[in-house]
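Sequence annotations record features per position, and here Swiss-Prot assigns region 'Disordered' to 1-53, 84-110. The compositional bias 'Polar residues' annotation in Swiss-Prot covers 10-27, 101-110. The GTP binding site annotation in Swiss-Prot covers 180, 181, 182, 183, 184, 185, 186, 210, 211, 212, 569, 697, 698, 699. The IMP binding site annotation in Swiss-Prot covers 181, 182, 183, 184, 208, 209, 210, 211, 295, 309, 421, 437, 567. Feature annotation from Swiss-Prot assigns active site, proton acceptor to 181; the stated evidence is sequence analysis. For 181, 210, the entry in Swiss-Prot reads Mg(2+) binding site, with the evidence type sequence analysis. The annotation substrate binding site is assigned in Swiss-Prot to 563, 564, 565, 566, 567, 568, 569.
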């Protein structure tokens, strides 16, 4: 059995996972009755809501219904935990009104302090307190004291750092290392500026990715499928054949920006034989997806058509109408069948579309609604594509992208593959399979989609993460998040504008409460166990669980919302458990964006391990390993899949901030020594993930990057 480098002890029956619970920890402290495993309240490390609330059914828990009594662990390791799980359970809810910013209930209490329609609460409930009290006596992990030595990091130049890596490779991939939205654009821009980097390509996924770029004049462009290098003269940008594209949306939302700005893209942008996202794919997404589970860009349905070989590609639009018509008729059967099964009329679909757009954010475009209204839908699509694509003089040039990229590398040029989404959002990662996108957005997926010869051409991956405020948008498990992933959407909070502006608006006070009260023993190494207490934050609008307060305050203060959907992202701690797997699979290089945010924090938290805990004592079998209460999952251990991760809670190492020595580009002198807090944070991340940190972001501008000497 291999030994981990920091000497973790193992459960004899399950290599790599130790157990932190002993019978004495829960003896005499019975947990209160609970709903079916998986229900969760809206708070940091989210215990199921109290009995008087109601619960939302979730299919994930059906896979592990066997009740398991608490058993004495074979190995005891010292740590503390509280429960963290998304809304699961089998109980159906009573009728409880959803949260409304300025409403009061019959008792006069603000509904922000009531149990919401999802079963979530804004305050800390009694069950949370009970569970925390039952577990608080567990002792700290020794790893909380690592690393023993803090490295000193010296700044170096772009040419002596990133450019040396570029020059040693043929294919450079910039890939997200968490759940998307990591700030990859800045690294993409830095690579694209290298003189030998002539080709920038998007090779898979679709318009569900989004990024904001600026040209030299400071003009803002929001691209979804278009590569970021479009604004750089002399660069060729490609959209490869494994991408999926709604060509109407692409013209109306992306190409129009170039036209309006007077940018000639004729020799800069080339499109391969992409799979086409049709209006019915987007409607299938709307009709078949749970709230907050999709960008409504038709990704899962179009990838289904692609795999079934039923859809259309771009070449079909540019050839005879009869073939196009036949393929559309066949592929549309899925949409028409769903309407029949759900007993929906065209008018019902139109109504749902308009409801989705009712807050002013256009999630369902007009032409998609027009398709839903059309009597002869196939003819509507044939005419739509004929007018908006085939006969559109502004539609970009088409080419064999695979051939062009291959030829460029043979000429000695460098190819940049711009990764959409991220490693953990890849459909090829089984750990989060149910809540991922539909393409393989790992670095391996990028290289495969590019069809570049991986034995002939040297490739390298630049992984990108973000801290503080690592974030995820959409549903799914994320143990290091401040609240459940569906916390906002469950209360019909679709955009940042839907958050009451006065709620948890004082970020300074919220983060101070988190680190002072949420980790009451943070300055006592013998007692700090890395588990966040379910304390409350109060302002003039009410009381909030500290996780809720941090989630709201972080989203507002950092402007954390999806570039495509505008959904508030759920922030949390930098997660070394997940990051370790990313670097072990995709290579050691890591760049951390937005680190200047740390200038405003008293402390910065880093998740170094998880602890599995389910209040009902239920166990989860993942890949033949049975996770039970008290099991510790360290960085470097196998990462379990979501049924277990829903019950995993972060063990957080705290690092002192650097308020007195800010690193923001506007405040820092170039080549000034980095503050000790920054060095300790970077040392901690490198220690637990085996990564090599190439650079850190310290401002909003493209060149606000501090490159680190290796």
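Glycine is no exception: its Cβ is also placed from the backbone N, Cα and C atoms.
Overlay of Swiss-Prot annotations on the structure.
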residue: 180; record: GTP binding site; contacts (Cβ under 8 Å, 6+ apart): 209, 420, 421, 422, 425, 472, 473
residue: 182; record: GTP binding site; contacts (Cβ under 8 Å, 6+ apart): 176, 422, 464, 465, 466, 593
residue: 566; record: substrate binding site; contacts (Cβ under 8 Å, 6+ apart): 361, 494, 495, 496
residue: 568; record: substrate binding site; contacts (Cβ under 8 Å, 6+ apart): 473, 488, 493, 495, 496, 499, 555, 560, 561
residue: 698; record: GTP binding site; contacts (Cβ under 8 Å, 6+ apart): 595, 596, 663, 664, 665, 668, 704, 705, 706
Comparing the binding-site residues 183, 210, which residue's C-beta has the most other C-beta atoms within 10 angstroms in this structure?
210
On a C-alpha basis, identify the one among 208, 295, 567 that is nearest to residue 186 (GTP binding site); the candidates are the binding-site residues.
208
List, in sequence order, those binding-site residues among 181, 208, 210, 295 whose Cα sits within 10 Å of the Cα of residue 569 (GTP binding site).
181
So, in DSSP terms, is residue 186 (GTP binding site) helix, strand, or coil?
helix
Please give the greatest C-alpha separation between any two of the IMP-binding residues 181, 182, 183, 184, 208, 209, 210, 211, 295, 309, 421, 437, 567, in angstrom, as a whole number.
34
Between residue 181 (IMP binding site) and residue 211 (GTP binding site), find the distance joining the two CA atoms and give it rounded to the nearest Å.
8
